[in-house]
Amino acid sequence: MGHFSSMFNGIARSFSIKKAKNINSSKSYAKEATDEMAREAKKKELILRSSGCINADGSNNLASVFSRRGEKGVNQDCAIVWEGYGCQEDMIFCGIFDGHGPWGHFVSKQVRNSMPISLLCNWKETLSQTTIAEPDKELQRFAIWKYSFLKTCEAVDLELEHHRKIDSFNSGTTALTIVRQGDVIYIANVGDSRAVLATVSDEGSLVAVQLTVDFKPNLPQEEERIIGCNGRVFCLQDEPGVHRVWQPVDESPGLAMSRAFGDYCIKDYGLVSVPEVTQRHISIRDQFIILATDGVWDVISNQEAIDIVSSTAERAKAAKRLVQQAVRAWNRKRRGIAMDDISAVCLFFHSSSSSPSL
């Protein structure tokens, strides 16, 4: 861990020094290049921003996406899948975003639209300024992605704060994003959406592995940070068990997550947009990954979710079936409580013929 830390700090330091020498021209060129990549990908139908399915020719990746509006007004969830991310055949970007507050649907869409391009720009810039040595290749690649995700989230949040047409003072969004590059998945999580992997156990059964932490305010490290910034964490009397973040004096905003983009009314009191960045090596046993908003996980367990997806006859309809099952579970388990927006992305790693039989 110490070795990785020093490597990560070295990459950050080295890149900052080199970047400072020619910051304006390099940044402008990188932005233009990534914008052009996004336009080309959209033309070739390699970017999906609505419910549906994407499976590019020659790719083992198949992504299924579905989102359903809840009972609280406009759907504030949104998602994106970008196959051939950055013009790399072995890369795919997936993200799911859960907005909240009066402007939440605008905030989630803004972050969804800006994050993939910003990340690609930061990754390419960092990569071009870094020499990858063979003995530490994997560690260095992770360090580069981690640095790129951190810089991206910082930039996206700052851009959102100064956006002229979106009021994100009392509104925000979570963001759960992954990049698959070859046989490695890089995961960045801001908020309480969740990534769950379906993998085949030694006994041959399909089991769920949770890859992310639900960043709730009552997690010890999150609560400590919030209280250290003079914020408060407590449950309302009519919501026992639902911990929320509050300002020092006012009874607002009452966020049910401890990390989010936007929500500047509480940013000085412990809410952060810093992602937790992790990686996972994909093996032949790993079948698919589910990214879903808390509307799914509030009523469906990790194991139930992978069982639903794996038993869906058509992979292209896997996300839709998962969401439909979550709706049924919500009506059964939370009768009388307004249903949340419910959204999911299911990314399958292998063609059905190459998957091990259970």
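Quick reminder: no glycine exception, Cβ is built from N, Cα and C everywhere.
Using a 10 Å radius centred on the Cβ of Asp98 (Mn(2+) 1 binding site) and all shown protein chains, the other Cβ atoms total 28. What Swiss-Prot records for Asp98, Gly99 is Mn(2+) 1 binding site, and it gives similarity to another entry as the kind of evidence.
The Mn(2+) 2 binding site feature in Swiss-Prot is assigned to Asp98, Asp294, Asp340. Taking the Cβ of Asp294 (Mn(2+) 2 binding site) as centre and 10 Å as the limit, one finds 22 other Cβ atoms among all the protein chains shown.
Within the model, the domain 'PPM-type phosphatase' (62-349) shows a mean pLDDT value of 96, rounded to a whole number. As annotated by Swiss-Prot, domain 'PPM-type phosphatase' applies to 62-349.
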> Which of these binding-site residues has the least crowded Cβ, counting other Cβ atoms within 10 Å: Gly99, Asp340?
Replying inline: Asp340
>> Distance check, please: Cα of Asp98 (Mn(2+) 1 binding site) against Cα of Asp294 (Mn(2+) 2 binding site), rounded to an integer number of angstrom.
In response: 8
> Can you check what DSSP calls Asp294 (Mn(2+) 2 binding site), collapsed to helix, strand or coil?
Replying inline: helix
> So around the Mn(2+) 2 site, Asp98, Asp294, Asp340 aside, which residues have their CB within 8 A of the centroid of those CB atoms?
Replying inline: Asp77, Thr174, Asp192, Ser193, Thr293, Gly295, Val296, Asp298, Asp341, Ile342
>> Using the alpha carbons only, what distance in Å do you get between Gly99 (Mn(2+) 1 binding site) and Asp340 (Mn(2+) 2 binding site) once rounded?
In response: 11
